[in-house]
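Chemist: The structure under discussion is supplied below as structure tokens; questions concerning it will follow.
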Amino acid sequence: MKREAQSSTGIGDGIAMPHAKTKAVNKATVVFGHSKKGIDYKALDGQPSYLFFMIAAPEGAADVHLQTLAALSRLLIDHDFVEQVKQAGTAHEVAQLFNEKQAEHDAEEAREAEDKNTHALQASSEEQFVVAVTACPTGIAHTYMAEDALKKKAKEMGVAIRVETNGSEGAKHVLTKDEIARAAGVIVAADKKVEMARFDGKKVLQTPVSDGIRKPEELINKALHGQAPVYHAEGSEAEESEQVGKESVWNKIYKDLMNGISHMLPFVVGGGILLAISFLFEHLGKDNTIFQMLSAIAGGGTGAFHFLIPILAGFIAMSIGDRPALMPGMVGGFLAASANAGFLGGLAAGFLAGWVIILLKKVFSGLPRTLDGIKPILLYPVLGLLITGGLMYYILNPIFEWINTGLIGGLNHLGTGNAVLLGVVLGGMMAVDMGGPVNKAAYTFAIGVFTSSGNENGLMMAAVMAGGMVPPIAIALASSLFKNKFTEEERKAGITNYVLGLSFITEGAIPFAAADPLHIIGSSVIGAAIAGGLTQFWNINIPAPHGGIFVVLLGNHPILFLVSIIIGSIVSGLILGLWKKPVRSK
């Protein structure tokens, strides 16, 4: 369940691969299951899953479950093979199919290795040879699925290709200098950073790893015909802006911001919830040892909350300027926190440090190659820290301290009408795209207020949490009360949304919103806005950034908080049920 809470293991194309390590397992095992009707497993493509490969590994078995997952993913990229598995009538037939497919795959890898060693893998001309790199954040399924999709499509097109994978097993089939030099183009289908300096001067097509799976022919054609920007590595005289490609400035800023927030969030959640629990023990007296222990490990003086702003700033900076920007970003964030510049000061420190390092890289790009070694060891750390720290100390900290103090003071003295209006806006935003940029903007604002007030102001957290809990619960209610408006699969999935909604997992509503955006999003925004507004009307404070129903008792008005969610969910569910057309009329 912990693994599924991170993201769905329904990888799409009718396949799901739930996997875990546990001490209850003595020997690594794969259990296969086939559902002829299909099950809504919250797959990445929003479609039902038919084939289930349940991987269980002993607790001390390193990453054997990940290796198994990667091996299965390589085989299941072949749609013809998947169809054969679906048609298999017995367990013996399934096992035989996999044994034959694995033998075929091993033979193909052996041929590739022999081709490479004997230089048999030669393109007839540079225009008919491309290289590619695939990688995903977890380095499991998508990395190898993209590899196989590209190789299979290239074979159909008569194009020679070499694909390097950066997966859970480490870098495999690493591209050589000769292969890169001969290639007409480079495809980098990756959702994480890979080694790029080796592609300096080549036309590089950078794309999400999912495109490698779903659009291999398009990527290969673009690489062959030079439809990609020229990549310039650090130290090149050309401007780095060419390598950004089609990514917009706002999209880059959003990705940098989310990198900081995603790394900060565990500190906020762990520290925030434990600190809120410590308040319960505070009533027993501040000399209570449990209160002192929880305050020490979670509080802002020495515990998790002490790291929030530095972590936020450091990883924003690292997203912009790579590893050299991490240290000045973290120190800048620490300076912001120490000066009471708060969350906004931390954001400023992160972006400042990242762009300072980018600037320094440009400034020192003209130095001889022999001096490259001293840049990350001496020049970037010293000058990056000096410039970032100096600007934060003398200019930005005083500005953001004034802004932060005014913001917190203003929120603490909002009249009821203004507070309710703000709650309505924040709650509604949580349901607009259910985990997308608008949702994240509302949550980020609440986190900023929460962290800047030292875990004391959870009013905004109450609004966004209530707003985020409404959409899944409302869909669950509607699918239970208006059964003729939903398919059988949707009704089954609707039941799980009770649990997801109560756990503050708004993303449970996404498959429904993708299928019927107007009705789902429209009704959800109304109910979420009502719930958010009610939390502010009743002055509800939730001193924890996540947890849903499990942190309700930490708030000052737990019953009223639940009432806010119930009212919002009922309103949203009724609107959806009455508005949505019956399935038979579609």
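Including glycine, each Cβ sits where the backbone N, Cα and C put it.
Marked as domain 'PTS EIIA type-2' by TrEMBL: 1-101. Per TrEMBL, the feature domain 'PTS EIIB type-2' maps to 130-225. Annotated domain 'PTS EIIC type-2' per TrEMBL: 253-586, in sequence order. TrEMBL lists 261-281, 293-318, 330-358, 378-396, 408-432, 459-482, 494-514, 520-538, 559-579 with the feature transmembrane segment.
A description of the local structural setting of each listed feature is requested, covering burial, neighbours and distances.
Modeler: Long-range contacts of the transmembrane segment (261-281) within the same chain, counting only residues at least 6 positions beyond its ends with a Cβ under 8 Å from a Cβ of the stretch, are 288, 290-291, 294-295, 297-299, 303-305, 307-308, 311-312, 314-315, 440, 444, 447, 450-451, 455, 543-547, 551, 554.
Here the transmembrane segment (378-396) has long-range neighbours at 324-325, 327-329, 331-332, 335-336, 339, 341, 345, 348-349, 352-353, 356-357, 360-361, 364, meaning same-chain residues at least 6 beyond its ends whose C-beta is under 8 angstroms from one of its own.
For the transmembrane segment (520-538), same-chain residues at least 6 beyond its ends with a Cβ under 8 Å from one of its own Cβ atoms are 416, 419-428, 430-434, 459, 462-464, 466-471, 474-475, 478, 509, 512-513, 557, 560-561, 563-565, 567-573, 575-576, 579.
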Chemist: For the domain 'PTS EIIA type-2' (1-101), what's the model's average pLDDT?
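Modeler: Per the prediction, mean pLDDT sits at 75 for the domain 'PTS EIIA type-2' (1-101).
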